[in-house]
Structures are given as C-alpha cells and as structure tokens.
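Participant: Please find one structure pasted underneath; my questions will follow.
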Amino acid sequence: MRLGPRPAALGLLLPLLLYAAVAGASKAEELHYPQGEHRADYDREALLGVQEDVDEYVKLGHEEQQRRLQSIIKKIDSDSDGFLTENELSQWIQMSFKHYAMQEAKQQFVEYDKNSDGAVTWDEYNIQMYDRVIDFDENTALDDTEEGSFRQLHLKDKKRFEKANQDSGPGLSLEEFIAFEHPEEVDYMTEFVIQEALEEHDKNGDGFVSLEEFLGDYRRDPTANEDPEWILVEKDRFVNDYDKDNDGRLDPQELLSWVVPNNQGIAQEEALHLIDEMDLNSDKKLSEEEILENQDLFLTSEATDYGRQLHDDYFYHDEL
C-alpha cells in the first residue's frame, strides 16, 4: 500500500484525541455526573460499551458471576475482616486503573514495534499513528492553519518521545513506551508534563496559569448577559478543585492536578458513591451480603471496571 499524505483534518484528529484523553478528563466526568447526578448507564457504556464486551458479560450465568464477584470481594478486603471500607475500595479501583493502562500500553507496544525487535522507534510510532513517517521542520512557515496546528502537536509528541527515551537508544523499550503513553504513571516524566502544560497555557510566561489562561480563547459574547453553563462549570473547577491556595492562579503542582487525570480522586469518589448506595445498615462499609444484594450496581461501577474484571482472571483468580 502506498503511504501518501493524509487529509489535514484527519491528521489533526488523532493527536487531538490523544491530547483530549488527558486535558479533557473533566469532560468525561461531566458525562458521568451530569448536573452532579450519577449516571449508572454511563458506567456500563464506558467500558462495556463495546458490543463484544457486552456479549461476554451476558454469557456469564448468574452463579458464575456471583462466584467470580465473591472472589474479587475477598481480594478487595485487604485486612480480611469481612467488610470493604472506603479506603479498600479506593485502593482497589486505583490498582484496576493502573492495571488496565499497563495492559493497554503492552498491547500497543506490540502493534507499534513493526520489526519485533523489542523497541519502538520514532518512525514506527509515526507509521502506526499516521500511516506515514512525518518529519516537520520546526522553522518552516506553513500556509495551512490546520497543518500548522498539527505540526505543533506532532512536535510535542516528539519531545515527549525523546524525554521517555531514558537511555537515548534508537527506540523505546516497553518501560519507556509506557512512560511515553502514560507519563502520569512515571516519576521521571512529571516535570516534563508540567513544562508541557505551561508552554501550552502560560501565555504571559510568569510560571503560573491564571483563570483567563485556564479558559483559553473564550471571550463572553457581548450580547449575552452571563457566561454559558460550561464556562461556569470550568470556573467552579478552577476555584474549588485546582486552585488549592486560593491565590487566583495555578502553580506547577496545581497545574499537574488539572492536566493529569486524578485517579485517586476519581477512585475515592466512586468508593464513596458505592458505600452511599449499597450500605444498608449505615455502618460506612460494605459486607459481602450488601454487595450481593446490589450485585447489578456493583457490576456497573469502577470497582469491577464495569464488569470487566469478571472476565479477567488477574482479578478473580485465587493467586492475585
């Protein structure tokens, strides 16, 4: 197959999706909790939304679902006292997040490593992502605005690739590839993530991100009496979620909590939600009986990765 140039709009789409996976985490949360209300169907859609996964879920009989679920409950119960606390649920959900992120990265590594030599080169990454090797000259003027935006994102990817390549070899090892795909999971990538975010959002170069910079190019319509709902939501997030010291700007650490998905916070929120919904005797913890009584709810939550763990013996196997 001849690898020719791809349409600019399509070329832009892929890196934008990658960027949105990190910077747009708050949008997914809005879908999960519209107007602050939990959508149980979103839980199932999020990972069981693929029809093949739904089919596998349905194939399991009720007794087998229950057996595997009981095995998972025992593993979540780290102190073996017969109850699941908020902390135990939160720790389990965070472990689940990391497990699936690592599994996905390992699968991607095999796909990207075209010559199966145990390393992913920059050219191999480009071929897998864009069907062609892209080599932008940073200083060449481009007439096409979309192509210019794509070049900017592509060069960012290249910088992240080079940062992940700790040994400066010809390609990324599996561990380095994981650092490239999931920099939030690797300590040596933290500073790079912060600097990348500052370059993107810190327009005046003071080392902080103000509310105006946080909102990007938004300007209120002069004919409107108030900001649109999504702007009000983003302002609320800035003030209440990210600006911890209330100084009206985000320092590098506060910025990190914005641009990197906060798995700990998400996991804690889901743990509290489950206890609130399933704790029949109001003791702030869950017994096996309470969970089995609300089995459908538990299987549409992040505690079982929306039922996915029932099909992954890493979680329900006795030797985890």
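Every residue gets a Cβ built from N, Cα and C, even glycine.
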Participant: Between the candidate ranges 33-36, 285-288, 317-320, where does Swiss-Prot place the motif 'Prevents secretion from ER' annotation?
Facilitator: 317-320
Participant: Pick from E196, E212, E213: which one does Swiss-Prot list with D202, N204, D206 for the same Ca(2+) 4 site?
Facilitator: E213
Participant: Which of E64, E88 does Swiss-Prot put in the same Ca(2+) 1 site as D77, D79, D81?
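Facilitator: So the Ca(2+) 1 site in Swiss-Prot includes D77, D79, D81 plus, from the candidates E64, E88, E88.
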Participant: Taking every protein chain shown into account, which of the binding-site residues E88, D167 has the largest tally of Cβ atoms within 10 Å of its Cβ?
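Facilitator: Max Cβ neighbours within 10 Å, all protein chains included: E88.
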Participant: Give the sequence-ordered list of residues that share a chain with D79 (Ca(2+) 1 binding site), lie 6 or more positions from it, and have CB atoms under 8 Å from its CB.
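Facilitator: Looking at Cβ-Cβ distances below 8 Å from D79 (Ca(2+) 1 binding site), excluding near sequence neighbours, one finds E88.
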Participant: I need the CA-to-CA distance for E176 (Ca(2+) 3 binding site) versus D77 (Ca(2+) 1 binding site), whole Å please.
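Facilitator: One finds 33 Å between the Cα atoms of these residues.
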Participant: So which of 150-185, 189-224, 230-265, 266-301 is most in touch with the domain 'EF-hand 1' (64-99), counting Cβ pairs under 8 Å?
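Facilitator: Answer is 266-301, with the largest number of Cβ pairs below 8 Å.
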Participant: Of the residues in the domain 'EF-hand 5' (230-265), how many are helix, strand and coil by DSSP?
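Facilitator: Counting residues per DSSP class in the domain 'EF-hand 5' (230-265), I get 24 helix, 2 strand, 10 coil.
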Participant: Whole-number Å distance between the CA of D167 (Ca(2+) 3 binding site) and the CA of D77 (Ca(2+) 1 binding site)?
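Facilitator: Approximately 40 Å lies between the Cα of D167 (Ca(2+) 3 binding site) and that of D77 (Ca(2+) 1 binding site).
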